[in-house]
DNA sequence: ATGTCC
(Lines of atoms letter the chains of each structure in order from A and count residues from 1; the text may use other names and numbers.)
(Lines give C-alpha, C1' and ligand atoms only; values in the text may rest on other atoms or scores of the structure.)
Protein backbone atom coordinates (compact mmCIF):
# COMPACT_ATOMS: atom_id res chain seq x y z
CA UNK A 1 0.00 0.00 0.00
CA UNK A 2 2.93 2.36 0.71
CA UNK A 3 5.58 3.26 -1.81
CA UNK A 4 9.13 3.45 -0.60
CA UNK A 5 10.74 6.69 -1.80
CA UNK A 6 13.92 6.55 0.27
CA UNK A 7 15.34 4.81 3.35
CA UNK A 8 13.29 7.10 5.56
CA UNK A 9 10.54 8.36 3.26
CA UNK A 10 7.36 6.45 2.46
CA UNK A 11 4.53 7.60 0.22
CA UNK A 12 0.81 7.09 0.66
CA UNK A 13 -0.26 7.00 -3.01
CA UNK A 14 -3.16 9.08 -4.31
CA UNK A 15 -5.13 5.85 -4.81
CA UNK A 16 -5.20 5.15 -1.06
CA UNK A 17 -8.34 7.18 -0.55
CA UNK A 18 -10.93 8.76 -2.82
CA UNK A 19 -10.46 12.47 -3.38
CA UNK A 20 -6.78 12.74 -2.47
CA UNK A 21 -5.37 15.85 -4.15
CA UNK A 22 -1.74 15.07 -3.31
CA UNK A 23 0.09 11.98 -2.04
CA UNK A 24 0.89 11.47 1.63
CA UNK A 25 4.48 11.32 2.87
CA UNK A 26 5.68 9.73 6.05
CA UNK A 27 9.20 10.40 7.19
CA UNK A 28 10.00 7.31 9.17
CA UNK A 29 12.22 4.24 9.52
CA UNK A 30 10.95 0.84 8.47
CA UNK A 31 11.10 -0.31 12.08
CA UNK A 32 8.98 2.57 13.37
CA UNK A 33 6.60 2.28 10.43
CA UNK A 34 5.68 -1.24 11.57
CA UNK A 35 4.29 0.27 14.77
CA UNK A 36 2.12 2.88 13.04
CA UNK A 37 -1.57 1.90 13.08
CA UNK A 38 -3.33 1.70 9.71
CA UNK A 39 -5.77 4.36 10.96
CA UNK A 40 -2.91 6.84 11.14
CA UNK A 41 -2.06 6.21 7.48
CA UNK A 42 -5.75 6.69 6.63
CA UNK A 43 -5.69 10.01 8.46
CA UNK A 44 -2.66 11.11 6.40
CA UNK A 45 -4.65 10.20 3.28
CA UNK A 46 -7.77 12.01 4.54
CA UNK A 47 -5.83 15.25 5.07
CA UNK A 48 -4.62 14.95 1.46
CA UNK A 49 -8.22 15.50 0.28
CA UNK A 50 -8.45 19.00 1.77
CA UNK A 51 -8.68 21.91 -0.69
CA UNK A 52 -5.49 23.79 -1.46
CA UNK A 53 -3.08 21.37 0.18
CA UNK A 54 0.48 21.87 -1.10
CA UNK A 55 2.91 19.08 -2.12
CA UNK A 56 2.02 16.35 0.39
CA UNK A 57 0.04 15.51 3.48
CA UNK A 58 2.96 14.80 5.79
CA UNK A 59 3.59 12.80 8.93
CA UNK A 60 6.62 12.77 11.19
CA UNK A 61 8.24 9.57 12.54
CA UNK A 62 6.30 9.90 15.82
CA UNK A 63 2.92 9.97 14.04
CA UNK A 64 -0.09 8.41 15.72
CA UNK A 65 -3.87 8.71 15.69
CA UNK A 66 -5.28 12.13 16.47
CA UNK A 67 -8.53 14.07 16.10
CA UNK A 68 -8.98 14.23 12.31
CA UNK A 69 -5.35 14.94 11.48
CA UNK A 70 -2.71 12.56 12.85
CA UNK A 71 -0.55 13.76 15.72
CA UNK A 72 2.82 14.29 14.10
CA UNK A 73 1.01 15.72 11.07
CA UNK A 74 2.23 18.62 8.94
CA UNK A 75 0.08 20.14 6.19
CA UNK A 76 0.47 23.43 4.31
CA UNK A 77 -2.33 25.17 2.41
CA UNK A 78 -2.04 27.91 -0.21
CA UNK A 79 -3.54 31.24 0.74
CA UNK A 80 -5.65 31.19 -2.41
CA UNK A 81 -7.95 28.17 -2.36
CA UNK A 82 -6.71 26.58 0.85
CA UNK A 83 -8.36 25.96 4.20
CA UNK A 84 -7.65 26.16 7.90
CA UNK A 85 -8.67 23.34 10.22
CA UNK A 86 -8.65 23.10 14.04
CA UNK A 87 -7.98 19.38 13.66
CA UNK A 88 -4.63 20.29 12.12
CA UNK A 89 -3.63 22.16 15.28
CA UNK A 90 -5.18 20.05 18.03
CA UNK A 91 -7.07 20.76 21.22
CA UNK A 92 -4.05 21.90 23.22
CA UNK A 93 -3.24 24.92 21.08
CA UNK A 94 0.45 25.84 21.34
CA UNK A 95 1.28 22.97 23.55
CA UNK A 96 5.00 23.52 23.47
CA UNK A 97 8.28 23.30 25.26
CA UNK A 98 11.05 25.61 26.33
CA UNK A 99 14.50 24.96 27.66
CA UNK A 100 16.43 27.10 30.11
CA UNK A 101 20.18 26.66 30.41
CA UNK A 102 21.93 27.33 33.69
CA UNK A 103 25.56 27.98 34.52
CA UNK A 104 25.34 25.29 37.20
CA UNK A 105 26.97 21.88 37.20
CA UNK A 106 24.98 18.75 37.99
CA UNK A 107 27.35 17.79 40.81
CA UNK A 108 26.75 21.13 42.55
CA UNK A 109 22.98 20.97 42.20
CA UNK A 110 22.57 17.31 43.22
CA UNK A 111 22.55 17.95 47.01
CA UNK A 112 19.68 20.43 46.61
CA UNK A 113 17.60 18.35 44.17
CA UNK A 114 14.92 17.36 46.68
CA UNK A 115 14.45 20.97 47.78
CA UNK A 116 14.34 22.23 44.22
CA UNK A 117 11.73 19.72 43.06
CA UNK A 118 9.59 20.21 46.17
CA UNK A 119 9.69 23.98 45.72
CA UNK A 120 8.94 23.78 41.99
CA UNK A 121 6.05 21.43 42.69
CA UNK A 122 4.73 23.86 45.30
CA UNK A 123 5.38 27.12 43.46
CA UNK A 124 4.17 26.09 40.00
CA UNK A 125 0.62 24.77 40.35
CA UNK A 126 -0.11 21.62 38.39
CA UNK A 127 -2.82 19.04 37.87
CA UNK A 128 -5.96 18.74 35.73
CA UNK A 129 -8.09 21.52 37.17
CA UNK A 130 -5.20 23.45 38.68
CA UNK A 131 -5.78 27.10 39.46
CA UNK A 132 -2.85 29.43 39.62
CA UNK A 133 -1.16 31.68 42.12
CA UNK A 134 -2.12 34.53 39.83
CA UNK A 135 -5.32 36.49 40.00
CA UNK A 136 -5.35 38.22 36.64
CA UNK A 137 -7.98 40.78 35.74
CA UNK A 138 -10.14 40.51 32.61
CA UNK A 139 -7.91 43.18 31.10
CA UNK A 140 -4.75 41.25 31.89
CA UNK A 141 -6.29 38.12 30.40
CA UNK A 142 -6.89 40.09 27.20
CA UNK A 143 -3.26 41.19 27.28
CA UNK A 144 -2.15 37.55 27.57
CA UNK A 145 -4.37 36.60 24.62
CA UNK A 146 -3.16 39.53 22.53
CA UNK A 147 0.49 39.90 23.47
CA UNK A 148 1.48 36.55 24.99
CA UNK A 149 4.93 36.34 26.55
CA UNK A 150 5.55 40.03 25.69
CA UNK A 151 2.79 40.95 28.14
CA UNK A 152 4.15 38.51 30.74
CA UNK A 153 7.59 40.13 30.58
CA UNK A 154 6.07 43.61 30.99
CA UNK A 155 4.12 42.31 33.97
CA UNK A 156 7.39 41.34 35.62
CA UNK A 157 7.80 37.74 34.57
CA UNK A 158 11.22 37.39 33.01
CA UNK A 159 13.36 39.69 30.88
CA UNK A 160 13.02 41.09 27.35
CA UNK A 161 15.84 38.80 26.12
CA UNK A 162 13.50 35.86 26.76
CA UNK A 163 11.25 37.04 23.93
CA UNK A 164 14.04 36.91 21.35
CA UNK A 165 14.42 33.26 22.21
CA UNK A 166 10.82 32.27 21.59
CA UNK A 167 9.29 31.17 18.32
CA UNK A 168 7.26 34.19 17.06
CA UNK A 169 8.86 36.26 19.82
CA UNK A 170 6.39 34.57 22.16
CA UNK A 171 3.61 36.61 20.59
CA UNK A 172 1.64 35.74 17.50
CA UNK A 173 0.16 38.57 15.46
CA UNK A 174 -3.50 38.57 14.55
CA UNK A 175 -5.01 37.36 17.82
CA UNK A 176 -8.71 38.10 18.18
CA UNK A 177 -9.69 38.01 21.85
CA UNK A 178 -13.24 38.91 20.81
CA UNK A 179 -13.41 35.44 19.21
CA UNK A 180 -12.65 33.81 22.57
CA UNK A 181 -15.93 32.76 24.21
CA UNK A 182 -16.94 33.71 27.72
CA UNK A 183 -16.59 30.06 28.65
CA UNK A 184 -13.01 29.89 27.37
CA UNK A 185 -12.17 33.08 29.28
CA UNK A 186 -13.74 31.69 32.42
CA UNK A 187 -11.66 28.52 32.16
CA UNK A 188 -8.50 30.36 31.20
CA UNK A 189 -8.46 33.18 33.72
CA UNK A 190 -7.67 31.19 36.88
CA UNK A 191 -5.34 28.81 35.03
CA UNK A 192 -2.74 31.27 33.78
CA UNK A 193 0.54 30.17 35.35
CA UNK A 194 -0.29 26.49 35.74
CA UNK A 195 1.41 23.45 34.30
CA UNK A 196 -1.53 21.17 33.61
CA UNK A 197 -1.48 17.42 33.51
CA UNK A 198 -0.77 14.38 31.31
CA UNK A 199 2.65 14.50 29.69
CA UNK A 200 3.17 18.10 30.71
CA UNK A 201 6.05 18.58 33.09
CA UNK A 202 8.64 20.81 34.64
CA UNK A 203 11.98 19.03 34.71
CA UNK A 204 15.49 19.61 36.00
CA UNK A 205 17.96 17.89 33.70
CA UNK A 206 21.64 17.23 33.12
CA UNK A 207 23.27 17.52 29.70
CA UNK A 208 24.40 13.93 29.23
CA UNK A 209 25.78 13.84 25.72
CA UNK A 210 26.86 16.35 23.09
CA UNK A 211 26.52 15.22 19.47
CA UNK A 212 27.72 18.40 17.78
CA UNK A 213 30.28 20.56 19.61
CA UNK A 214 29.87 23.65 17.44
CA UNK A 215 26.07 23.72 17.57
CA UNK A 216 26.05 22.95 21.31
CA UNK A 217 28.38 25.89 21.88
CA UNK A 218 26.07 28.18 19.91
CA UNK A 219 23.11 27.04 21.99
CA UNK A 220 25.16 27.50 25.18
CA UNK A 221 25.10 23.82 26.13
CA UNK A 222 27.89 21.69 27.61
CA UNK A 223 28.22 18.26 29.19
CA UNK A 224 27.34 18.06 32.90
CA UNK A 225 25.34 21.31 32.75
CA UNK A 226 21.99 21.70 34.49
CA UNK A 227 19.08 22.62 32.22
CA UNK A 228 15.37 23.07 32.93
CA UNK A 229 12.58 22.09 30.57
CA UNK A 230 9.00 23.36 30.73
CA UNK A 231 6.40 21.44 28.72
CA UNK A 232 2.84 22.80 28.80
CA UNK A 233 0.18 24.50 26.73
CA UNK A 234 -2.91 26.68 26.74
CA UNK A 235 -4.82 24.67 29.37
CA UNK A 236 -8.62 24.84 29.45
CA UNK A 237 -8.66 28.07 27.42
CA UNK A 238 -7.13 26.50 24.32
CA UNK A 239 -9.26 23.41 24.68
CA UNK A 240 -12.44 25.47 24.86
CA UNK A 241 -11.39 27.67 21.93
CA UNK A 242 -10.83 24.55 19.82
CA UNK A 243 -14.19 23.08 20.88
CA UNK A 244 -16.08 26.33 20.18
CA UNK A 245 -14.61 26.89 16.74
CA UNK A 246 -14.95 23.26 15.68
CA UNK A 247 -18.70 23.81 15.97
CA UNK A 248 -18.54 26.90 13.80
CA UNK A 249 -16.32 25.21 11.21
CA UNK A 250 -18.56 22.12 11.06
CA UNK A 251 -21.31 24.43 9.82
CA UNK A 252 -18.86 26.16 7.48
CA UNK A 253 -18.12 22.81 5.80
CA UNK A 254 -21.74 22.63 4.67
CA UNK A 255 -22.02 26.33 3.91
CA UNK A 256 -19.02 26.30 1.58
CA UNK A 257 -19.78 22.86 0.14
CA UNK A 258 -16.56 21.14 1.20
CA UNK A 259 -16.57 17.34 0.88
CA UNK A 260 -14.78 15.59 3.73
CA UNK A 261 -13.93 11.93 4.28
CA UNK A 262 -14.05 12.56 8.05
CA UNK A 263 -16.15 15.09 9.98
CA UNK A 264 -13.21 15.66 12.29
CA UNK A 265 -11.48 17.49 9.44
CA UNK A 266 -13.91 20.42 9.80
CA UNK A 267 -12.34 23.45 8.15
CA UNK A 268 -13.14 26.70 6.37
CA UNK A 269 -11.74 28.30 3.21
CA UNK A 270 -9.02 30.86 3.97
CA UNK A 271 -10.37 34.39 3.73
CA UNK A 272 -13.85 33.52 5.00
CA UNK A 273 -15.01 34.99 8.33
CA UNK A 274 -15.13 31.50 9.87
CA UNK A 275 -11.50 30.83 8.95
CA UNK A 276 -10.30 34.25 10.09
CA UNK A 277 -12.15 34.02 13.37
CA UNK A 278 -10.70 30.60 14.13
CA UNK A 279 -7.22 31.82 13.21
CA UNK A 280 -7.61 34.83 15.52
CA UNK A 281 -8.90 32.72 18.40
CA UNK A 282 -6.17 30.13 17.85
CA UNK A 283 -3.54 32.89 17.90
CA UNK A 284 -5.05 34.13 21.19
CA UNK A 285 -4.71 30.63 22.67
CA UNK A 286 -1.14 30.38 21.34
CA UNK A 287 -0.30 33.68 23.04
CA UNK A 288 -1.90 32.49 26.27
CA UNK A 289 0.36 29.42 26.16
CA UNK A 290 3.46 31.57 25.60
CA UNK A 291 2.47 33.79 28.52
CA UNK A 292 1.92 30.66 30.58
CA UNK A 293 5.39 29.26 29.88
CA UNK A 294 6.90 32.70 30.50
CA UNK A 295 5.25 33.01 33.93
CA UNK A 296 6.30 29.48 34.86
CA UNK A 297 9.87 30.31 33.83
CA UNK A 298 9.92 33.30 36.17
CA UNK A 299 8.77 31.16 39.10
CA UNK A 300 11.35 28.52 38.17
CA UNK A 301 14.07 31.16 38.31
CA UNK A 302 12.83 32.29 41.72
CA UNK A 303 13.14 28.74 43.05
CA UNK A 304 16.69 28.32 41.73
CA UNK A 305 17.73 31.72 43.08
CA UNK A 306 16.63 30.60 46.56
CA UNK A 307 19.40 27.98 46.58
CA UNK A 308 21.81 29.41 44.01
CA UNK A 309 21.54 33.21 44.30
CA UNK A 310 24.05 33.89 41.53
CA UNK A 311 22.72 31.33 39.06
CA UNK A 312 21.74 32.36 35.55
CA UNK A 313 18.79 30.70 33.85
CA UNK A 314 18.79 31.87 30.25
CA UNK A 315 16.20 30.76 27.76
CA UNK A 316 17.72 28.58 25.03
CA UNK A 317 14.49 28.56 23.01
CA UNK A 318 10.74 28.04 23.19
CA UNK A 319 8.96 26.05 20.47
CA UNK A 320 5.30 25.43 19.67
CA UNK A 321 4.24 21.87 18.92
CA UNK A 322 0.58 22.55 18.05
CA UNK A 323 -0.09 25.59 15.90
CA UNK A 324 -0.97 26.89 12.43
CA UNK A 325 1.08 29.75 11.02
CA UNK A 326 1.51 31.84 7.90
CA UNK A 327 4.99 31.23 6.52
CA UNK A 328 6.86 31.72 3.26
CA UNK A 329 8.14 28.59 1.60
CA UNK A 330 9.52 27.67 -1.78
CA UNK A 331 6.94 25.85 -3.88
CA UNK A 332 7.87 24.77 -7.41
CA UNK A 333 10.70 27.29 -7.54
CA UNK A 334 8.84 30.36 -6.25
CA UNK A 335 8.16 31.81 -2.81
CA UNK A 336 4.60 31.35 -1.58
CA UNK A 337 2.71 32.35 1.55
CA UNK A 338 1.31 29.19 3.11
CA UNK A 339 -0.79 28.30 6.14
CA UNK A 340 1.35 25.62 7.72
CA UNK A 341 -0.44 23.38 10.23
CA UNK A 342 1.77 21.56 12.70
CA UNK A 343 0.11 19.18 15.10
CA UNK A 344 2.54 17.37 17.32
CA UNK A 345 5.34 18.69 15.15
CA UNK A 346 8.03 21.31 15.74
CA UNK A 347 9.05 24.13 13.46
CA UNK A 348 12.65 23.32 12.49
CA UNK A 349 13.81 26.17 10.27
CA UNK A 350 17.23 25.74 8.76
CA UNK A 351 20.06 28.32 8.66
CA UNK A 352 19.36 31.83 7.45
CA UNK A 353 15.63 32.19 8.04
CA UNK A 354 14.82 35.67 9.39
CA UNK A 355 12.44 34.16 11.97
CA UNK A 356 15.44 32.68 13.83
CA UNK A 357 17.07 34.89 16.51
CA UNK A 358 20.41 36.42 15.46
CA UNK A 359 22.42 34.31 17.88
CA UNK A 360 21.29 31.14 16.12
CA UNK A 361 20.49 32.31 12.60
CA UNK A 362 23.68 31.02 10.98
CA UNK A 363 23.24 27.66 12.68
CA UNK A 364 19.51 27.03 12.43
CA UNK A 365 16.60 26.99 14.83
CA UNK A 366 16.87 25.05 18.09
CA UNK A 367 14.42 22.15 18.01
CA UNK A 368 13.43 20.92 21.46
CA UNK A 369 12.05 17.41 21.78
CA UNK A 370 10.89 16.41 25.25
CA UNK A 371 11.07 12.82 26.41
CA UNK A 372 8.46 11.17 28.55
CA UNK A 373 8.89 11.03 32.32
CA UNK A 374 12.19 9.45 33.23
CA UNK A 375 13.53 9.34 29.66
CA UNK A 376 15.99 11.59 27.82
CA UNK A 377 15.01 14.73 25.93
CA UNK A 378 16.83 16.02 22.88
CA UNK A 379 17.97 19.33 21.46
CA UNK A 380 18.38 19.42 17.69
CA UNK A 381 19.06 22.12 15.15
CA UNK A 382 16.82 22.78 12.17
CA UNK A 383 18.57 22.04 8.89
CA UNK A 384 18.31 22.30 5.10
CA UNK A 385 16.41 19.02 4.74
CA UNK A 386 13.48 20.49 6.66
CA UNK A 387 13.18 23.38 4.23
CA UNK A 388 13.35 21.00 1.28
CA UNK A 389 11.12 18.20 2.59
CA UNK A 390 8.75 19.27 5.39
CA UNK A 391 8.01 23.02 5.21
CA UNK A 392 10.63 23.42 7.93
CA UNK A 393 9.20 20.90 10.39
CA UNK A 394 10.44 18.05 12.56
CA UNK A 395 9.05 15.51 15.03
CA UNK A 396 7.99 16.57 18.53
CA UNK A 397 8.62 13.55 20.70
CA UNK A 398 7.54 9.98 21.08
CA UNK A 399 3.94 8.89 20.99
CA UNK A 400 2.17 6.66 23.48
CA UNK A 401 2.18 2.95 22.79
CA UNK A 402 -0.17 2.08 25.66
CA UNK A 403 -3.51 3.69 26.50
CA UNK A 404 -3.97 5.48 29.82
CA UNK A 405 -6.50 2.86 30.89
CA UNK A 406 -4.14 0.00 30.08
CA UNK A 407 -1.26 1.80 31.79
CA UNK A 408 -3.25 2.14 35.02
CA UNK A 409 -3.97 -1.60 34.94
CA UNK A 410 -0.36 -2.51 34.21
CA UNK A 411 1.57 -0.19 36.51
CA UNK A 412 1.23 1.10 40.05
CA UNK A 413 2.11 4.75 40.55
CA UNK A 414 4.05 4.11 43.76
CA UNK A 415 6.19 1.49 42.07
CA UNK A 416 6.90 3.72 39.07
CA UNK A 417 8.06 6.35 41.53
CA UNK A 418 10.28 3.83 43.36
CA UNK A 419 11.94 2.70 40.15
CA UNK A 420 12.63 6.31 39.16
CA UNK A 421 13.95 7.11 42.64
CA UNK A 422 16.36 4.18 42.43
CA UNK A 423 17.56 5.59 39.11
CA UNK A 424 18.28 8.85 40.94
CA UNK A 425 15.28 10.77 39.60
CA UNK A 426 13.24 12.74 42.12
CA UNK A 427 9.60 12.84 40.99
CA UNK A 428 6.62 14.66 42.47
CA UNK A 429 3.07 14.41 41.10
CA UNK A 430 -0.40 15.46 42.21
CA UNK A 431 -1.65 11.89 42.11
CA UNK A 432 0.12 8.47 42.00
CA UNK A 433 -2.17 7.28 39.19
CA UNK A 434 -0.69 10.01 36.99
CA UNK A 435 2.70 8.34 37.41
CA UNK A 436 1.24 5.01 36.25
CA UNK A 437 -0.31 6.67 33.21
CA UNK A 438 2.98 8.36 32.39
CA UNK A 439 5.30 5.42 33.15
CA UNK A 440 8.35 5.50 30.85
CA UNK A 441 7.30 2.18 29.26
CA UNK A 442 4.02 3.56 27.86
CA UNK A 443 5.88 5.76 25.38
CA UNK A 444 8.10 4.91 22.46
CA UNK A 445 11.67 6.00 23.16
CA UNK A 446 12.45 9.37 21.58
CA UNK A 447 15.87 8.44 20.21
CA UNK A 448 14.43 6.43 17.35
CA UNK A 449 12.31 9.32 16.03
CA UNK A 450 15.15 11.74 16.60
CA UNK A 451 17.48 9.54 14.55
CA UNK A 452 15.06 9.64 11.60
CA UNK A 453 15.02 13.44 11.36
CA UNK A 454 18.79 13.49 11.90
CA UNK A 455 19.39 11.06 9.03
CA UNK A 456 17.13 13.06 6.70
CA UNK A 457 19.01 16.26 7.66
CA UNK A 458 15.67 17.73 8.78
CA UNK A 459 17.18 18.53 12.19
CA UNK A 460 20.66 17.64 13.47
CA UNK A 461 21.24 16.15 16.88
CA UNK A 462 22.93 18.61 19.22
CA UNK A 463 22.52 17.30 22.77
CA UNK A 464 20.82 14.69 24.90
CA UNK A 465 19.62 15.67 28.37
CA UNK A 466 18.51 13.30 31.12
CA UNK A 467 16.01 13.97 33.92
CA UNK A 468 17.15 14.50 37.50
CA UNK A 469 14.01 15.99 39.05
CA UNK A 470 10.46 16.14 37.72
CA UNK A 471 7.31 17.98 38.78
CA UNK A 472 4.15 16.67 37.13
CA UNK A 473 0.40 17.21 37.20
C1' DA B 1 -4.43 17.42 25.97
C1' DT B 2 -9.18 18.46 28.68
C1' DG B 3 -13.71 20.89 34.76
C1' DT B 4 -10.98 12.77 30.87
C1' DC B 5 -19.51 13.21 29.27
C1' DC B 6 -23.61 18.99 30.08
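Backbone N, Cα and C atoms are what each Cβ position is placed from, and that goes for glycine too.
Source: prediction; values computed, not measured.
Per TrEMBL, the features are as follows:
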BINDING   A:92, A:200  Mn(2+) 1 binding site
BINDING   A:199-203, A:321-322, A:370-373, A:377, A:396-399, A:472  GMP binding site
BINDING   A:231, A:321  Mn(2+) 2 binding site
ACT_SITE  A:396  active site, GMP-histidine intermediate
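For residue A:322 (GMP binding site), the spatially nearest entry among the binding-site residues A:92, A:200, A:231 is A:92, judged by CA separation.
In this structure the C-alpha atoms belonging to residue A:399 (GMP binding site) and residue A:321 (Mn(2+) 2 binding site) are separated by 13 Å. You'll find the Cα of residue A:396 (GMP binding site) roughly 13 Å from the Cα of residue A:200 (Mn(2+) 1 binding site). Within the same chain, residues at least six positions away from residue A:200 (Mn(2+) 1 binding site) with a Cβ under 8 Å of its Cβ are A:95, A:126, A:231, A:232, A:233, A:472, A:473. Within its own chain, residue A:199 (GMP binding site) has A:231, A:370, A:372, A:373, A:438 as residues 6 or more apart in sequence whose C-beta sits under 8 angstroms from its own. According to its DSSP assignment, residue A:231 (Mn(2+) 2 binding site) is in a strand.
Cα to Cα, residue A:92 (Mn(2+) 1 binding site) and residue A:321 (Mn(2+) 2 binding site) are separated by 9 Å. Same-chain residues at least 6 positions away in sequence with a Cβ under 8 Å from that of residue A:202 (GMP binding site) are, in sequence order, A:120, A:124, A:126, A:195, A:228, A:229, A:230, A:231, A:232, A:296, A:300, A:470, A:471, A:472.
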